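Peer 1: When I checked TrEMBL for this same protein, it listed these features:
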- 173-207: repeat 'PPR' (REPEAT)
- 244-274: repeat 'PPR' (REPEAT)
- 276-310: repeat 'PPR' (REPEAT)
- 311-345: repeat 'PPR' (REPEAT)
- 490-582: domain 'DYW' (DOMAIN)
Amino acid sequence: MANLNALLQKCSSNVPVSHIHIKQLQAHLTTTGQFQSKLCPVRSKIIEFYALSPLNELAYAHALFRQINAPSTNDFNAILRGLAHSSKPTNAVLWYRQMLRGSHRSDALTCSFALKACARVLALFETLQIHSHVLRHGFLADALLGTTLLDVYAKVGEIVSAKKVFDEMGVRDIASWNALIAGLAQGNLASEAVDLFKRMKMEGVFKPNEVTVLGALAACGHLGAWKEGDKIHEYIREERLDMNVVVCNAVIDMYAKCGLLDKAFEVFDNIKCRKSLVTWNTMVMAFAVHGDGPRALELFEQMGRAGVKPDDVSYLAALCACNHAGLVDDGVRLFNSMANCGVKPNMKHYGSVVDLLGRAGRLQEACDIVKSVSMGTDMVLWQTLLGACQLYGDVEMAEIASRKLVEMGSNNCGDFVLLSNLYAAYERWDDVGRVRKAMKNRDVKKVPGFSYIEVGGVIHKFFTSDKSHVKWREIYEKLDEIMFKIKEYGYAAGTSCVLHDIGEEEKENALCYHSEKLAVAFGLISISEATSIQVFKNLRICRDCHDVIKLISKVYNREIIVRDRVRFHRFKDGACSCKDYW
């Protein structure tokens, strides 16, 4: 009996206990009739033990619960928590509703577990209902519950609601700050995430920890805000957070996304803790998106020599490196070696190989792969093939890919735009009109291209022919100067990029004021000559902008880094790191 009493105390104080001891305790409580008593201090703990058991004993926990004549709130919560962590979290929401319908008393933990389930299934409507319940019963004073609530709102994309919850919390803990910083970083409000991180440091109530810096670094990477990222890295070193490999991986990724490949490799090379598989994968992918295929493949080979077994992500990174560097034979060899190394190719690997072959003009081989994979029913593969057809002007194959995408129900503007552009390149204006009419009928909206640049800690965003900037006159004057100077170096506007039925002069004017050119011009008048100009674009850079920026780097003796939707372009001395292959 003394052993059972000791076990009882362990369960009551959350000390881990073994499965067999729980069974013994359960048998004792059942045979002595204590299991039915409301005063039993560990009944809910036993139910929760089975509900969360890695041995998949949730059904057994349910069976125990049903034996209780008058279950308490804690008993309900034990099942609710198990359901929220199960493979079917929707059942947790149903259980929560059942509790309320049965007039069973809920508490802050009830709402917290139900909200965790909502976060997993992105259930906004149910989240709003639970939020109303929380406010009605005054549970928001609980910092844990408030944090869970704002985390759910952030995950379902309701960032405004998440910020409102944060602002209204009477008591916050470090998890509250971390949840909102991460939510802002992931919700396209990266600049606000960085600002909140700085505010947290300035207020000084809580010290940023590993989780905090992960969110802030992700935001810096998204923005390309390397100066802010540098400050965070300095804080990480000061607080010795760089002993955590996950933090180091995030620093490498941040520098790579900010265009600072050498800094990323410096962190990788001098890492204080043991490198994980993710560390290697992050660095291989960094080389890949910067177009340094040889170094990416060299590091991939080095992984094996270091005793690290590549996984599917490793192979994808290496394939991307081959793709961006035009290493077709190396890419095909890598892809064919996957099965022998025990790694099964997935759709991303097939997509990378299709893109690799397509960029190299081997369209029929790419098409054969698309048709062979899952009977050719993967939309992304056909989209990749369509892009390659547009690049090489293969109208017939493009029409096949386009028809297939329509059959599969694609409503992606890019699919229509690629086909329309291909028709326009051959001046088939009737077909262009037909595609645009189809877009209108399907209510397909074209995504507008934009570019942004950070100057003095402020993000400046530009659209094509944009005149909304406070210095737009100076920017346009600089662009006119640029165009005059680069023509002396043989520049001729690549009007083939302008796929509209208009005159040559109008085409030249349309090209001149693309968003990336405006951003670079602003960089030239705003950033000191000793500093590189970094521009970020949401779409692929066009051929004419690429040619212009190469010449700008030569004429003005500036290093210019452009990150587009696909990769990095580092322009220096009139050349680009992509070697004109992208």
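Just so it is clear, glycine is given a Cβ too, placed from its N, Cα and C backbone atoms.
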Peer 1: Excluding the flanking five residues on each side, which residues at least 6 beyond the ends of the repeat 'PPR' (311-345) place their CB within less than 8 Å of a CB in that stretch?
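Peer 2: For the repeat 'PPR' (311-345), the list is 277-278, 280-281, 284-285, 287-289, 291-294, 296-297, 300, 303, 352-353, 355-357, 359-360, 362, 566-567, 578-579, 581-582.
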Peer 1: Give the residue counts of the repeat 'PPR' (244-274) per reduced DSSP state, in the order helix, strand, coil.
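Peer 2: So the repeat 'PPR' (244-274) is made up of 22 helix, 0 strand, 9 coil.
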Peer 1: DSSP helix, strand and coil counts for the domain 'DYW' (490-582)?
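Peer 2: Helix (H, G, I), strand (E, B), coil: 37 helix, 16 strand, 40 coil.
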